[in-house]
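Trainee: Feature list, courtesy of Swiss-Prot:
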type	residues	note
COMPBIAS	1-12	compositional bias 'Pro residues'
COMPBIAS	16-26	compositional bias 'Acidic residues'
COMPBIAS	27-38	compositional bias 'Low complexity'
MOD_RES	S54	phosphoserine
MOD_RES	S60	phosphoserine
REPEAT	224-244	repeat 'LRR 1'
REPEAT	252-273	repeat 'LRR 2'
REPEAT	281-301	repeat 'LRR 3'
REPEAT	310-330	repeat 'LRR 4'
REPEAT	338-358	repeat 'LRR 5'
COMPBIAS	512-531	compositional bias 'Acidic residues'
COMPBIAS	543-565	compositional bias 'Low complexity'
MOD_RES	S581	phosphoserine
COMPBIAS	603-624	compositional bias 'Pro residues'
COMPBIAS	637-649	compositional bias 'Polar residues'
COMPBIAS	656-676	compositional bias 'Low complexity'
Amino acid sequence: MEIPPQEAPPGPGADADADAEAEEAPAEAGSSSGASPPTDGRLKAAAKRVTFPSDEDIVSGAVEPKDPWRHAQNVTVDEVISAYRQACQKLNCRQIPKLLRQLQEFTDLEQRINCLDLKGEKLDYKTCEALEEVFKRLQFKVVDLEQTNLDEDGASALFDMIEYYESATHLNISFNKHIGTRGWQAAAHMMRKTSCLQYLDARNTPLLDHSAPFVARALRIRSSLAVLHLENASLSGRPLMLLATALKMNMNLQELYLADNKLNGLQDSAQLGNLLKFNCSLQILDLRNNHVLDSGLAYICEGLKEQRKGLVTLVLWNNQLTHTGMAFLGMALPHTQSLETLNLGHNPIGNEGVRNLKNGLISNRSVLRLGLASTKLTCEGAVAVAEFIAESPRLLRLDLRENEIKTGGLMALSLALKVNHSLLRLDLDREPKKEPVKSFIETQKALLAEIQNGCKRNFVLVREREEKQQLQPSASMPEITITAPQPLEESGDLPAMGAQNGTPGPGPGPDSDSDSDSDREEQEEEEEDQSDQQRDEGGTDQSSSAPCPALLPSTDSLGPGDKSPPGSPSSPTEQRISVSSPGRGHKVFVVTRVESPPERPEPPVPPTSVSSPPPSPPSPPASPPSQTMDTQDPESSEAQPQTEPSQAGQPLPNGLKPEFALALAPEAPPGLEAKGSSCSLEHALHRSHGVSKLEELLLEASQEAPRDTL
């Protein structure tokens, strides 16, 4: 028997020898072309290479995501109905007559339609699949799926459609007891992904232990829901713990309705108390018809103390609360500043409970509505309530129905209403309570009528107060007063000083430009010239060439180069608008009539000295100027100055040819200064009686015209 030769183990230098052999191997392979691979089967290290494609070759193609609204563009009612019927035929399911009737009534398909009502219709999986043809084309504000007998498959299909097409902002899935875990999982996905969903009504739809984690996760991470109804959803225990823990981090939910869930006074109430400690965005918490008890109310009151700005409405109707729980609530009320509605109806509070609550209500100052219906109150408790009414300046409504409040309690309430001026509604039983003395029944009726009258009186006072507040201008709004136009004097003259500073009297005001006598004489001369011109023209051109109204600020608010000359003509029909604003002083605006706003105001031009006979006494104009300043249209006022060139072909009232008027100042802007000088020239020309005088005036006018038109 031959023994195979044994190889000696590699020595310390074996690794170095192996490396040397590996380096020599490529040289040997290059020398012998037909060399076989090495006997040990090892691959060469230099033969391993990795290559990557270029950037252009990495992406072979791209697919755009499907547009969910590709079917909803320019859709018609007939198209929607036809698509729905074809889907029903394809799926071999019945058509819903109620849906077809609603589709035929829809008119505006561009906007969200008010409501899609499928309440009471039995919806199986195939029927829900056919509804996709409607949801892919139309959007709704409310989708009502109440009591539609949804199963897991149908519910998950519908919720996926509503999430994908954003079909509703308000969704009602109440009274569907068989949607199961997959249905709630799809509903949670819809709540998390749909940004438009704001209202979810899941009353009488059980949310059990294995379904609650999905909903809790959706509410904790991201949800746009503002209103959540979970009445009679079997939340007691672990579902409520998961829900309350998730809502601690939710800042969007504002209304939470948890009625009829058999919530107990220990674990469940402790979770609600912790929720109120951390969540300050919740505004309405409805806990009616549960078993909170006094022990649970203690936990809730601990959370209420932290609600300085948050909870607005707390409903504790029918929770077996007694006077012991009212002591906890009375200590918590002074700490909350946001609670406005507190409903404690149908709890055996009794007179002692109202006394425990009274001091807290008086110290609270935020409660506006208080419900104490059917709380075992008698006249003694009504007296305590009356003390609170007398001390409350904000209480709006109080419910005391279904209590044994007789004559004594009604008298206390009536006296409190004489002091209170805020209570608008006090609910009491209409029928008087039985009394041993028959006359007391009539007294109760009289007291009830007196209480009603007191509430009506407060209502009238509140309305009057609101109207006064609306009429009072705010501090940031300027007060605008319009002064009536001054009556015309017999001479038809109005001082130009009053026209500029808005003062009714002829004396100089604090904002007048000049107090010198020469200015007054110039103003009187200008006014006489204007009245003479009106007499010559006979008022025939006043209506046709009436200038547009303008608001001219007072001269004290203008710059040194913007002041108009003191001799500018003033209209007797002007209106003065006085504007005062806090911190901005007092300004006066004068409503007058001008041809058009001047392009560049000029300094006052002294009137040319023209020798003319003394003017005749002014006569009143043929027709007084009509006050059309408030009724003129801006378009008509802009079109009026354009009618003046059409009058160039008519003879002028002073007997001059129209060509002379055009040659006198062809490029003159219609400013106030040019008007004043032209009026004085026309007056002088009209009063001259000789040809020589007329020639002198024409010569002077031709010399003065270029200077006036600068």
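Just so it is clear, glycine is given a Cβ too, placed from its N, Cα and C backbone atoms.
Give me the local environment of each listed feature.
Mentor: In the three-state DSSP scheme, S54 (phosphoserine) is classed as coil. Cβ contacts within 10 Å of S54 (phosphoserine), excluding its own Cβ and spanning all protein chains shown: 6.
DSSP gives S60 (phosphoserine) a coil state; it is part of no helix or strand.
Note on the repeat 'LRR 1' (224-244): residues 174, 191, 194-209, 211-213, 215-216, 252-264, 267-268, 271-272, 274-275 of its chain, located 6 or more positions outside it, place their CB under 8 angstroms from a CB of the stretch.
Remote same-chain partners of the repeat 'LRR 2' (252-273), defined as residues 6 or more beyond its termini with a Cβ less than 8 Å from a stretch Cβ, comprise 219, 223-237, 240-241, 244-245, 281-297, 299-303, 315.
Across the repeat 'LRR 3' (281-301), DSSP classifies residues as 9 helix, 3 strand, 9 coil.
Tertiary proximity for the repeat 'LRR 4' (310-330) is limited to same-chain residues at least six positions away from its ends with a CB under 8 Å from its CB atoms, namely 259, 276, 279-294, 296-298, 301, 304, 336, 338-350, 352-354, 356-361, 371.
Using a Cβ-Cβ cut-off under 8 Å and counting only residues 6 or more beyond its ends in the same chain, the repeat 'LRR 5' (338-358) has close neighbours at 288, 304, 307-323, 325-327, 329-330, 364, 366-378, 380-381, 384-385, 387-388, 399.
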Trainee: Count the residues of the repeat 'LRR 2' (252-273) that DSSP assigns to helix (H, G, I), to strand (E, B) and to coil, and report the three numbers in that order.
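Mentor: Secondary-structure composition of the repeat 'LRR 2' (252-273): 7 helix, 3 strand, 12 coil.
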Trainee: Per DSSP, how many helix, strand and coil residues does the repeat 'LRR 5' (338-358) have?
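Mentor: Here the numbers are 9 helix, 3 strand, 9 coil.
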Trainee: Over all shown protein chains, what is the count of other CB atoms within 10 A of the CB belonging to S60 (phosphoserine)?
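Mentor: So the Cβ neighbour count for S60 (phosphoserine) comes to 5.
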Trainee: Taking DSSP states H, G and I as helix and E and B as strand, how many residues of the repeat 'LRR 4' (310-330) are helix, strand and coil?
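Mentor: Counts, helix then strand then coil: 8 helix, 3 strand, 10 coil.
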